[in-house]
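Participant: Have a look at this one.
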Amino acid sequence: MPRNVPEVNGVYRHGACELWCRAMAHALLKRSGVRRGLGGREGPLKRLRLAVEDFVRTTSESEACESRSAVARSRPGGRKSRKELRKEKRHLRKARRLQRTVGSGSGDQGGNVGLNDGPETRRPPTEVRPTPAKATATPAKASAPSTNTKASAAQPKAKAKGAPGKPGPATATARKRALLAANEEEDREIRKLERCLGLHKRKKKGDGSSVPLSFARDGLDYILGALECGSGGGLYESSEEEEEEKLETGQTVLESDLESNSKESEEDPDWQVLQEDQEDVNSKRRGEAESGTRGNKGTKKVRFAEVVEKSRSSSEDDIEQQESHSVESGEKYIPPRLRNEEVIDVHKKEELDRLKKHVKGLINRLSEPNMASISGQLEELYMAHSRKDMNDTLTTALMDACVTASAMPSRLMMEHVFLVSILHHTVGIEVGACFLEAVVKKFDAIYRDGGEGKELDNLFTMIAHLYNFHVVQSILIFDILKKLVGTFTEKDIELILLMLKNVGFALRKDDALSLKELITEAQTQASGAGNKFQDQNRVRFMLETMLALKNNDLRKIPGYNPEPVEKLKKLQRTLVRNAGSGSETRLRISWDGILNAEQTGRWWIVGSAWSGTPMIDNSHHIQLQKPLAGMASSKMLELARKQRMNTDVRRIIFCTLMTSEDFLDAFEKLLKLGLKDQQEREIVHILMDCCLQEKTYNPFYAFLASKFCDYERRFQMTFQFSIWDKFRDLENLPDTKFSNLVHLLAHLLRTKSLPLSVLKVVEFSELDKPRVHFLRRVLTALLMETEDDDLAVIFSRVSDNPKLGMLREGLKLFIGHFLLKHTQAHQSAEEASLLREKAGLASKSLQGKAILRM
């Protein structure tokens, strides 16, 4: 075939070849002297023309078939380079110029003959289906199946193309080497990207491929199973199946290429001829492909299912091998959820570090002058952060600052504990409770280990100051002292002296009976010790200190100076005046209750099980009640029956009250009964009834009632409700009960056991004669028997509450109109003058604390 015949997409155009042959025949005729109109020699010329046309037709058919198969083998991608396309365009333009030259130089007869025979040359030849080109090699990597897939998908396109000639073995070998080199280059690029991403592969046993460890952690190892060596065929088969489905619907790769190049071929008439021929060929091919596809579709699906099962089994083996590898190497699988928590923990840790630095800086600058500002900043931190984080951070900072191997200065120790008491009253009782638990547990741990440093002294001093600043009640202090007296070593004696020096007189004021029992037990231990101690002076000094506390002799306690504590207490009242933590903020918890908080629950948290622990073992309380009932004499039981004590609980309470030595003894015995909520209220009711039944007023009941009111708020509320019940029935009370009730209420108001707001139920606008008489006697006793400072505090407690406005106005009106109007008639001049002075002080206190200062 001549070289100047144009080629389009690897297929020689039939029309150009035909024109070239006609031009050559016309040139031969001109050389032989043949002219139009010569009829003598027309027969040989006609035979020559037919022979040339037959030769052109057979040659074009055979070469077109060979070119299709050659192109399919030569070009795996199915597309030419830009250089080849430009070369084809040049040949096409040259063929067009030759066609125009031949058409203009030939005669009418020759041109008519050529045009009449044109459709015959465009008749589609008999199709010869070439065999698709097979893959020359199967690379080991996963990119080889994708390359073969592209080659197989390009087969239908290659069938419609021609080639200038059949490529030789050297060309096929070079093409094969180029493909292998491209695959190796692609593998090198993949390995380079994996190194950049840190996806290091792990060696696997057997035929399984390697999967990066990060993919296995993310759960993507089974997804990548389709790309492994054993499952690569699945993708190849699926791509062929998709191609066959496209053949069924008539969408071949060649058609898509023709559609994409339709705009370029609209202006080319020769291209339209080739497109028509190709459509005829494709119509025949579709019919054959439909029958072949229906037969092979089932087998391909079966093969693909086998490949999928194989990939699944291989992925399961990979997972097992990964797990065994992680166990052997000591690695632990971390789920994504836990990895997110690790990231969150990092941010949380950074935030806690900043909080610790801030709190530590405030603690380092702590002193009495800037106590208000530092406590205010800590309150803001409590509002900005969680309570748990702040409690832990503050407790750790204070423990690091105060618990050292050397003795801390007493002033510095008081200031740190004083800060805790301020936050305990302003923020909430959980602040002091958390700090108290940490201190007690630290003290118990060091005490059990037998620490020789001053850590025990510092911790013991902190507990003592927590009691001084009203964070904890005396029950914890007595528990610790009883524990130390029970062991009674030299270190215990030293700690007992330290505690009595700091809080001894406060303990005597709060619970003198328990202090008396403690002193008696200490004397017993000292007498039984004998020559146990090398230094007997220390034991003697401890006993002398205890006796000085018992006798209220301050001179015999060396180094006792209550002024710093009293000064800080006054500052505390200033800072926590408007605190909203409640009226009773002192924690009543025992030593065992704190140490067993893990089992019984932390009582300062709402819903904790601590409140129920004193009544867990009810059998113990029943055993206590029976001996008490048996110890009561028949005379006492008869007296209880006359007082209408018709239940066992009432009889036990009555007998306990009547047989006690003093109010402290009665208080302890009543608490040891372990009564429940409803049974505890019977204590108040029986106490009130016994007090009113006395022929003359007995202060025993008033002091006992004051002790119960200071012990728990629930007793205070029960006394308040009981007194309100008596208010409603004042006109029916006998004179004895009336007088006893006046003295009882005046005592409770004077000792601040009950607030002045207990009178808020009195309607001052509708007072009758019994109520006027009752209020005059109560207020007179309160004003005459109370000191000025205490009187100002009692009346000022109702001045700040807006809900008690009617009570304030009623009291001022009653004092001015009923109390001071007839003072001269019933009292002496001195008493009347003192009463008017106290009444003026009470009226100013009711108006507000600012007026009282002026």
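Think of each number as a place in line: the chain as shown, counted from 1.
Glycine is treated like the rest: Cβ placed from N, Cα and C.
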Participant: Which residue does Swiss-Prot record as phosphoserine, given the choices Ser104, Ser315, Ser583?
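Facilitator: Annotation hit in Swiss-Prot: Ser315.
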Participant: Quick one: which of Ser239, Ser262, Ser314 has phosphoserine in Swiss-Prot?
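Facilitator: When Swiss-Prot is consulted, phosphoserine appears for Ser314.
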Participant: If I take every residue in the domain 'MI' (648-764) and average their pLDDT values, what number comes out?
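Facilitator: The answer is 88, the mean pLDDT of the model over that range.
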Participant: DSSP-wise, what's the residue breakdown of the compositional bias 'Basic residues' (76-99) into helix, strand and coil?
Facilitator: 18 helix, 0 strand, 6 coil
Participant: Please work out the helix, strand and coil residue numbers for the domain 'MI' (648-764) from the DSSP assignment.
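Facilitator: Once the DSSP states are binned, the domain 'MI' (648-764) shows 94 helix, 0 strand, 23 coil.
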